[in-house]
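This report concerns only the one structure given below.
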Amino acid sequence: MAAMAVALRGLGGRFRWRTQAVAGGVRGAARGAAAGQRDYDLLVVGGGSGGLACAKEAAQLGRKVAVVDYVEPSPQGTRWGLGGTCVNVGCIPKKLMHQAALLGGLIQDAPNYGWEVAQPVPHDWRKMAEAVQNHVKSLNWGHRVQLQDRKVKYFNIKASFVDEHTVCGVAKGGKEILLSADHIIIATGGRPRYPTHIEGALEYGITSDDIFWLKESPGKTLVVGASYVALECAGFLTGIGLDTTIMMRSIPLRGFDQQMSSMVIEHMASHGTRFLRGCAPSRVRRLPDGQLQVTWEDSTTGKEDTGTFDTVLWAIGRVPDTRSLNLEKAGVDTSPDTQKILVDSREATSVPHIYAIGDVVEGRPELTPIAIMAGRLLVQRLFGGSSDLMDYDNVPTTVFTPLEYGCVGLSEEEAVARHGQEHVEVYHAHYKPLEFTVAGRDASQCYVKMVCLREPPQLVLGLHFLGPNAGEVTQGFALGIKCGASYAQVMRTVGIHPTCSEEVVKLRISKRSGLDPTVTGCUG
């Protein structure tokens, strides 16, 4: 074993030293790296949205690039292609199934608009799933083609570090592959967490890794968790007509504005999703007829209860996909609590030439556009002469529940905690989308609020919108908030009529005033 002193920059900007033992006998990998004979300028570990963005950006800057990516099958055996969580088991299939559910609602509205629709209108899970899966596969292929066009070498191998410049993997034929690079970016993302302490959870439960690839309808489904993944999955399952229950132990949508979160739950409950609040499962068993019997405890009563379901979906959070990387061989530090990789503002790990982006990183929002932008900016700093850093403030996002919740900036709770109640002004309104009127839809939970500093010019701290097309509404206002918009500037913005978006530029009533925020009338 040869000893090598490696200078490591700490997260606080200080330097510290570590003596790292490197195995010089691993087929000369370490010796080759030390001799400046590395295979690539950049090696990206992980073929998700962030990793692919890094690879394509570096190739465009004329660098020699390789991507290694491998999908460990889920406990239920589900596997997929290149593209990561977003493409295969996240944003894309989720939004498409959300759209399927919205169409079901529009079919119910259609008779009020003069369409003669024979009822009931059945939903075909197999047809929807096949269409969604075919689209995802086309995206997998598209990513392969894009890498090939940019002369990025792609390796479908499970990589692990040999030393700080080298990774090792085994190809399908059993051949061992060693790859070295001057710079390495880790972008392996995360995977759903399984409650392994619960009897039967691993054997009989599925996660978001599986739901979008089911060939048959999941039937009566229990979704366990209060995350946005739990609510989104339960929302589209209810929307396509399935009997769906959410079991949550604590508050929903932790980290989001809690007033908005409560309204999301109210809307889902009023539209058919059942909720078991303050409950935690303790056992899952398969019955002779194939159904799953779930046992849980109600924390409010202390009593045990049971129910039967066709499918149990765990949506209790995600864990970083770092377990098989052998990060200790490279000297990369991780959080002892979360196992996520620790980085500084430049996305650099404890090893100067190893970086990490996306969901695998401690303290970063787990959002696809974040990983993509952070990756591109990182590569531009490495190879393009840029000094621009990723700005993680005021990042917009949307929860695609049946009534969508879009937000950007601070929640009301965060604003009050940061600035004090006396320095925060909240403008709000209950509104009714025009499309809901003729259809006779309930708009009780259609709501918008803007969180501002109270002192002039009343800087906008956050915007929260609950209603149709919330993502489309929030995206435009996110630019204004990013640029430092004030409440007065928003109020001087002319709205587009008739739209839901215009409700944002009509917010005149503050919570402090105590006046009724319900919007009445139209065109005025």
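Keep in mind that glycine also has a Cβ here, set from the backbone N, Cα and C atoms.
Keep in mind it's a predicted model, so treat the numbers as computed, not measured.
Per Swiss-Prot, active site, proton acceptor is recorded for His497, and the stated evidence type is similarity to another entry. Taking Cβ-Cβ distances under 8 Å and a sequence separation of 6 or more, the neighbours of His497 (active site, proton acceptor) in its chain are Unk523.
What Swiss-Prot lists as FAD binding site is 41-70, and the listing cites similarity to another entry. Reduced to three states, the DSSP call for Asp41 (FAD binding site) is strand. Spatially close to Asp41 (FAD binding site) yet at least six residues away along the chain are Ala58, Arg63, Lys64, Val65, Ala181, Asp182, His183, Phe383, judged by Cβ distances under 8 angstroms.
The annotation disulfide bond is assigned in Swiss-Prot to Cys86-Cys91. Counting only residues at least six positions away in the same chain, the Cβ atoms of Gly48, Ser49, Ile92, Thr368 sit under 8 Å from the Cβ of Cys86 (disulfide bond). In this structure, Cys86 (disulfide bond) is part of a helix by DSSP.
What Swiss-Prot lists as N6-succinyllysine is Lys175 (among others), and the listing cites similarity to another entry. Counted within 10 Å of its Cβ, the other Cβ atoms near Lys175 (N6-succinyllysine) come to 9, all protein chains included.
Cβ neighbour count for Lys329 (N6-succinyllysine) (all protein chains, 10 Å cutoff from its Cβ): 20. What Swiss-Prot lists as N6-succinyllysine is Lys329 (among others).
According to Swiss-Prot, the transit peptide annotation covers 1-36, on the basis of sequence analysis.
Val65 (FAD binding site) counts 29 other C-beta atoms within 10 Å of its own C-beta, drawing on all protein chains shown.
Under DSSP, Asp69 (FAD binding site) is assigned to coil, being neither helix nor strand in the three-state scheme. The Cβ of Glu57 (FAD binding site) has Gly375, Arg376, Val379, Gln380 as same-chain neighbours under 8 Å, each 6 or more residues away in sequence. Closest to Asp69 (FAD binding site) in space, going by CA atoms and restricting to the recorded positions Cys91, Lys175, Lys329, is Lys175. Cβ neighbour count within 10 Å across all protein chains ranks Ser49 highest among the recorded positions Ser49, Ala53, Leu61, Asp69, Cys91. The CA atom of Val45 (FAD binding site) is located 21 Å away from the CA atom of Cys91 (disulfide bond). Comparing Cys91 (disulfide bond) with Ala53 (FAD binding site), their Cα atoms are 16 Å apart once rounded.
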